[in-house]
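A.B. asks: Relevant sequence annotations retrieved from TrEMBL are reproduced here:
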type	residues	note
SIGNAL	1-30	signal peptide
DOMAIN	74-134	domain 'Cadherin'
DOMAIN	135-243	domain 'Cadherin'
DOMAIN	244-348	domain 'Cadherin'
DOMAIN	349-453	domain 'Cadherin'
DOMAIN	454-664	domain 'Cadherin'
DOMAIN	665-773	domain 'Cadherin'
DOMAIN	774-878	domain 'Cadherin'
Amino acid sequence: MCTGTEGRWGRRKRALLCCVLVATWEAVWGQLRYSVPEELPKGSFVGDVAKDLALQPATIRDRGARILDRGRTRYFALHANSGHLVTAERLDREQLCEGVQRCVLRCEVIVEGEMKVYEIEVEITDINDNAPTFGEAEKEMRMSEITAPGSRFSLSKAHDPDVGVNSLQSYELSGDEHFSLSVQAGADGEKRPELVLAKALDREEAAFHELVLRASDGGEPARTGTARIRVSVLDANDNAPVFSQAVYAVRVPEDVPVGSTLLTLTATDADEGINANVKYSFKEISTKASKVLDLDPETGLIRLVRSLDFEEGDSYEMEVQVQDGGGLFDTATISISVTDVNDNAPELTVSSALNEISEDAPPGTVVALLHVQDRDSGANGEVRCSLVGDVPFRLRSSVGSYYSVVTSRELDREEVSEYNVTVWASDGGSPSLRSSAVLALRVLDVNDNAPVFAEARYSARLPENNAEGALVLTVRAWDADWGQNARVRYRLAEGRVRGAPLSSYVSVQAETGALYALRSFDYEEVREVEMCAAREGRWGRRQRALLCCVLVAAWEAAWGQLRYSVPEELPKGSFVGDVAKDLALQLPALRDRGARVVSADRTQYFALHANSGHLVTAERLDREQLCRLVERCVLRCEVIVEGEMKVYSIEVEITDINDNAPSFRESEPELRISETTAPGSRFPLAEARDPDVGVNSLQSYELSGDEHFSLSVQAGADGEKRPELVLAKALDREEAAFHELVLRASDGGEPARTGTARIRVSVLDANDNAPVFSQAVYAVSVPEDVPVSSTLLTLTATDADEGINANVKYSVKKATHLASEIFYLDPETGSIRLVRSLDFEEGDSYDLQVMARDGGGLSDTATVSISVTDVNDYAPEISVRSALSEISEDAPPGTVVALLHVQDRDSGANGEVRCSIEESVPFRLKRELDNYYSVVTSRELDR
């Protein structure tokens, strides 16, 4: 015959029972209970089954008594000879019944010969064989140094698999005075330790705190477990960076190579991480300095990016700033002094010079006007001038850097007719640099030499009766002078021969000196004629002397100084002063005698109108560009009247007008201030710059914005007004992440000019908010056949902070070993995924404790409850525990012929088993203890 079982979905399993009708048996049922401590060795006595069931040992041995365990593992065995129930292996209560208060193992004793089943329950009692243990033997916690005393931080519980008094009973904390321990009773009765901050932290005082958490059970003796807790104190930006010096001063030669490091700024910040990450920048720097210097924001190195020129700038002062990652900063002053190197030779300029000079010019006559300058300074810029060779000239110092070259003695053209006078200008450097100029001067002749005959007495023989006009002789004379003054003319001196004028006998050719006979001589009348020839130049000596006086009239250099004042920004050609009037010069003299304006600067700022004698601007003058912040701006030039060899020095003061408004280097600066910053804290602001001077310069500051900030203006050592932002009211980033302020700077002009800077204050987050789960309990129900890798649910936690303080990480704080093998929690997304197949029969629910922790160490916990719903994935299991192979045909109805055990590992309706038997056979099923059925005869048998 067949017996059948059927599940919810009609799954069936059949067992064929072949019965021989021989004897009549009866099923008898009973139950035994024993208790033994865990960890007994294999073979340890559990109970005397034979005695407790009133069975003879022989009955147990002879009638096939045996143990059936309900699980896959056999924990007990039956000694057939003694009837004792003994352990089949070492029993570990914590392994068998983890987390269950009462640990009971069940088995059945079947006496096949008697068709009897006895159920046995064995309670495994706990012994204190386990010490409390922590999931992490060394735990690290992170707390912000601004965490308020009294704040609580959940600690991981210790786990003691023992139960009762042997389980976890108490916690104890040792460490330092900053922390204490609080133990709370959870809803499940478990003790939950909490770390309490008893005293404010200071990372700069102690960056770490080492604590020991000890958990103890109640055994005798007690067992303990420890966890070492390392509390890392997270930095709050409560320290501003500090420069190593308030003033950095350095001296460098002007020839230092481009790319050289002039100095290195150093600032330290007692904070750490981003709060100690300092950046360097120029806070206030002139345009000129910004073209020459570069500041590395990372290293603080100040390097030269363009050649220095002492003559262009002998010093640079700037204000530098160092700012940390939290927005706090410090300022310092940089003073770079440039030392002069003798890299400029003196510049020698011939401002005016004569090309010719009369040889009878008196000593002291000015022949040239020189201007010398050296762009170096000190000894390198001290110029000495000298003349080369033994020349009849000397140098005479005049106004400022002017020299005049004058004659030192009388000149003699006949001795030297031309001079190339070399003037050397040498500076005081070592080695000395020098330059030169050559004056070419021609000496004009004066008729200061009489002609001289080649011979003092000339004689000639002339035959008598000579022809008229016969050449008698030629005389020769020369003159040391030059030009017309050296031109000799001959004439006969007055004389008589035999009472007749000499000129009636002979004549002399005026140009050549040839003497001719005007008549025929008669030896008997005139044997000898004596005459005197005169020689002279073209003009008489007096006339010539007079002429020389006119040509070589002495020139005299005259000196004077004028001062004018004009406002800046006048257009080109604007009137500065009436030079002709102020120097009492006639306009024709200015025009005809080559008056002009010269300047030592490369740019000519003024010009002279020769027709009017007015000094005018040669271009638009910007006082701020010319003199920057110098209070009194003076430009200098000279007027040279070449025809008179005179120089006049002129000073023109350029007065300020209010043509510039105050301006900020950054029109929209951004400050970053931690929300933990204490009210009253001050933050230096960049000063406004107004290139005007006096009353037109910067006079006041004004702040508008909100109630959290006020303005304080301090007077610096240099007299400048330095604005500071003062925190008047505590900040809260979660209430307002930004504050918009307007800083206004005003000058004192009429009308006043203003400049503004819009300040954006970013409130930096402090980790003053713990993350919060969206739910205290997350519950989800999933079928056991959900595919592996499926996402079962997603945790969500929010943190009102920002940045790293709002960066939430998820983790499982507590879970059973089985749950940790089945589920995976993504720390970034919070999704819980299935990593192994579920089995309802293995576990129908899982509770996990999860944690959300932010980057600052604050955390929140939630409970995740995952219920597994059964799927009918198991067919019922039928086990024939005992059966007769023969039965007598006269066995009465109700005779037991087989003992069956049925089970279905599914649950609910899926695990509800209905057994049935074919109606055509004389047997029926009878439900017995739990899942046991007996097959009995339903009527008499007829073999």
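Here the Cβ of each residue, glycine as well, is placed from N, Cα and C on the backbone.
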A.B. asks: Taking the domain 'Cadherin' (74-134) alone, what is its mean pLDDT?
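C.D. replies: Here the mean pLDDT over the domain 'Cadherin' (74-134) amounts to 88.
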A.B. asks: Between the stretches 454-664, 665-773, 774-878, which wins on the count of C-beta pairs under 8 angstroms to the domain 'Cadherin' (244-348)?
C.D. replies: 665-773
A.B. asks: In the domain 'Cadherin' (774-878), how many residues does DSSP call helix, how many strand, and how many coil?
C.D. replies: 10 helix, 48 strand, 47 coil
A.B. asks: Run through the domain 'Cadherin' (74-134) and tell me, per DSSP, how many residues are helix, strand and coil.
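C.D. replies: Taking the domain 'Cadherin' (74-134) as a whole: 7 helix, 27 strand, 27 coil.
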A.B. asks: DSSP on the domain 'Cadherin' (349-453): how many residues come out helix, how many strand, how many coil?
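C.D. replies: Once the DSSP states are binned, the domain 'Cadherin' (349-453) shows 4 helix, 55 strand, 46 coil.
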A.B. asks: What does DSSP give as the helix, strand and coil breakdown of the domain 'Cadherin' (244-348)?
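C.D. replies: Residue counts for the domain 'Cadherin' (244-348) by secondary structure: 10 helix, 48 strand, 47 coil.
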